[in-house]
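Features as listed in Swiss-Prot:
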type    : residues                               : note
BINDING : 833, 834, 835, 836, 837, 838, 839, 840 : ATP binding site
DOMAIN  : 72-281                                 : domain 'Alphavirus-like MT'
DOMAIN  : 964-1116                               : domain '(+)RNA virus helicase C-terminal'
REGION  : 50-458                                 : region 'Methyltransferase'
REGION  : 830-1085                               : region 'Helicase'
């Protein structure tokens, strides 16, 4: 018993926790059924097509306003006021939804064409021609009917059944459908109409007098009238101009004339009577007779349209208790006219009536008055001396925000100008991460000046009241009025007497507080209406007759009871079944009995449907004669030319081959260019081919190959789409490997159910709520994928080729002629070369980039070819003549060049043979060279089930050339190559033994700790690659991915113990794997395989055999004669010539457009306009969003126009934008790194590369923290800094992780044209307090001194406190006769890109130099997670790592990091010279050195966005390093110098002289014009538009050397 109780309790707990699978499955099933029911209910909503083009926001407005409809937005028709026009159809359908179907309905002023299209034969439209525009509108409706009928006729169709009755009615008796009388005079007489009569008035009651409306309705015996009209509550406030923002329309009123018009477009206006509309809005009762009245009730307001209904009321039905005896005053006074005294009694008797009374009240809410206040504005006319005072509604929050802020101003700062400036600035909106951090107050800009004056006067009065209160109302000799004028006179200054006189004369200002009173308005206004009628008779309330409907329901209920015995009968839709039976005139009971008998095999009758659905059951017993009327007639038609769009519309994507019995002639192709947009929202079924193995190809072999290639794209596209559909159908059941390739987005929750590894997929497959699957072109916004309302899920694939396959299919199908591809007559030459034979080098030597084209399979190969071709500095290889195969096909016809003389295809045998044939034909070349390797990996057909016969894999060529000498492979690999190739393979490599293997105990043994990576890591399979990447290895690729690449050392890894088909003795993958290295290859494997046997055989290869494959390649030498003079620069004094215009011309040529930028008020514009920002976690004090006003000193104005900006004022917005663009914009590029071990290896490389061997160990006898080191540090500090340390006892450490943040007021100039398109962010400074700097400053100063003393100064320059002359001395021994590669590493966001790895490298360097462990750990923690506080701007945030720009180690730390970064990537043992300074570097290597992919390594290891440039001359720290045959000269960048001459921050003439002296110090070398020619070349290397600049260099020397002349470059700003 105890066991049973325990088991029961355990099972119950499992169920509660969700561990009971049975309960979970039931819950999921219940959730699924609920979702299906909900979606089915949505599908049953009326469907409305919205054809007009509207924006996404307007789409949302329409959808939310009318949830009763299922709206489909086609966006196919541009029109005026498209939203309002499109809403008309929704409004009409909403009104018609209120009316029982089939009841006689009068549409007052309606659109009879709309009712015809909907098949409403029970609607009569009263459409009077009140003006010419009405006639035009009626003719337009007739045109729409004619257009509809002509379309049907052109398509060979007839009017559908549901429209037939309405169209017949209009054709035979048009006056029954529409008349042209007013509703009050309509003569339409219904024929045998039973039931109630209804009316609708869609935007038409404006023109019907309100007093006649009730009588007109009663005349037509209307039971209920539904109306819709545009209105705004603000019209009740007697506003003369009211906006309807949602439909972009407006009302304007002039007296009783009310005009309605649409804004931002040229359309006709509508004029109505304001008083008449007001009656419809405010009245409740509309009398129709002495007995009946129509009562109005508002229903809803949707998109600026008010809906109401007028219900017919019989006053005789009123409860008798409301009747009372009273005197009819009109009858009384009429009788009194006849007799006053004698007939008084008779008059009283005659005037007695029984009256019925009722009353109503309507509240109108004014939403715009909520949180608003009424503010007075003052104005005066100078011509008429007439003063005016008006009141406006302004946001309460806005008013008191302004008043509270300016109330804090000091007396001198409280001026009208400062108040106006603040009001302008806070009107703009600040959005942080999509959330409004500072609200935007919708205040009319034209009111800001008047409001500012009111706020200013209000504050002045408040200041006075405070003074009076403080003095306890003791005013002395001055009156209250005099106090006010004293305050105003302080603000207006000398202008006060005239101002005071004018204000007094006009009585503009009153001292009393009520003149400046700010009041709160009412939110509601109530309108009353009263009904008085005479009691004459009494009747009973009639009941509604629903007997007929109940009888029909009983029949349907009995029929469904019969059907309930069938399987899946619970899924029958009763509404659909009843409608089908009614429309087909089938008895439901009979249909049900026959179906049950047939399904139970009791009737001996077989019906034609497969499943008993609602429609099939009704169709089963439809009358044969009526069924034949709607039968589908199959007719023969001519064979069409199939297009992409047509194919998908028919549910198929055609093949180029012959499938089944289809004739070949049916597969032709038209010449139109089809867009990829045609694929958007195509059904997935239209792209999936389920059977492709029976395709037959005809024609020559090349044609067959080309057709097969087209079909392979179709098959690939089909497989990709099919896989995504499968993922959508079974998201939860896919395995881990599949999860790594796909992604599934749940649209409702905006979350990834399966997160993809890649981002920004161009295409995907969409699952709708109706469980339909479509291929969709994906778009993105700040929230991710842009989705539609009917989307349920979106699937994407990292391996998906949907986009490229679609683009290539579009191109290739366009090239077909009558369904046949065109074969080029060009000569095709196959260049068959062994691995490493120099195929790419040969291509570069043979190609003429002006007339030839190079195509490669991969993007990296294309970039490599361009890089190698442009290595000389001259750009010859571009994206126009070096392309990938996919790019060439996808963008065919878009390039300026369409014909090439010769075509070079690198690794062409990796492509489909049909693809190669297409490339030759598309290039229109005379001869095509296909470079490849017949023994390496060929084209692989990756679509299972797609036929790719063996004879298709052989490329048809005219000639074959062989290359059998490898420049890469060592001797042992060359021995293996001789087994695989025909002919004798030779090698130029000096390496004899290169391959080895190691059997490992299991896959877990392979990790970065026990098996650190050596060289390039390769795998055979993608799964092994992903496993290695997950364990911490970087830069891992498969063998197939690196075909054609070369590496010094290779580590080949196999983790899969199961058999792998591509690892075989004759496998091309094995050949590629063995031939990638130049020095060594080591194979790590968990099992014995054929590759192990091959490597073991090669390990045993004798030296005698390896020497047989060697080819000696000698080196040619040339006799060199050194210059006679070395070590000193030739000096030629530069002549002082030129003018200001020379500098301006040179600047405009180098940076075109920069000088035209009017950026003086950019900062003001940003502060006064709306701004939307996205930030990381931070705390903002919005009270600091507007800085306190300061006195502005006008700076000197430069005569040279550059992109220099005015100094910025610090504040929340400026500081926050700077922080976003810098501190919050750190890249995340790095891969998985073993930080400690990798940092240790990097530091080893750093010490080995830069430090002298004898000084690589720290001197432990020297104390870092001593009195001498502190004194040396203090000597470099300013007195202010030392004063801050006066109260510091050095006993305890302050918070090392706390930093302050500030910005430099002057933006940094960039020597590019980015200023024309972006707002430059200010440079941020993050710094410690001086107390922390006093502790660590001396330490790092001493560490820096020791580091610089240990550096090999003959080869490396760490630019710290060096002069230009010292730089020239360092580079002076460069030999210009020795070919050199000058390298520069350009890194963007250098400081902010530094992360934990950089910190680890830097700390390890300091540790090895002798940094004490405890302080080192403190310093490390102070740079890990740090807090930034900006007290000026009111910002507080937290950042991880990053270089602190105001730290004691900022400069030397950056210099050390850039040096360590380069040492880890480049062969520093070969370097000639190297210089490092902050994030700048300049390296000189011997010509021809091979360098790794620096950009790739910098991204993955160092998190740097880096580019490595090869140049002729170096550029270092803003200076050009010009090496020549006598030494080296360093020129300051002349363009940078000119940019500084446009500075806008020079305060006065003394400041200008200091500025000139600093420029003279840095530009002294320009006095030597001996090397101006080389300087021109160096500048042109950076700025391609720069002209020869000797004229401007001389002009700079002229102005910099003359103090008086230099002053002419600026003018006094205060005088302007």
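Any Cβ shown, glycine's included, is placed from N, Cα and C.
This view paints the features noted in Swiss-Prot onto the structure.
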| residue | record | Cβ neighbours (10 Å) |
| --- | --- | --- |
| 833 | ATP binding site | 22 |
| 834 | ATP binding site | 29 |
| 835 | ATP binding site | 26 |
| 836 | ATP binding site | 25 |
| 837 | ATP binding site | 24 |
| 838 | ATP binding site | 16 |
| 839 | ATP binding site | 22 |
| 840 | ATP binding site | 20 |
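Under the three-state DSSP scheme, residue 833 (ATP binding site) falls in the strand class. Same-chain neighbours of the ATP site beyond 833, 834, 835, 836, 837, 838, 839, 840, judged by a C-beta within 8 angstroms of the site's C-beta center, are, in sequence order, 933, 963, 966, 967, 968. DSSP assigns residue 838 (ATP binding site) to coil, not to a helix or a strand. Mean per-residue pLDDT, taken over the region 'Methyltransferase' (50-458), amounts to 80.
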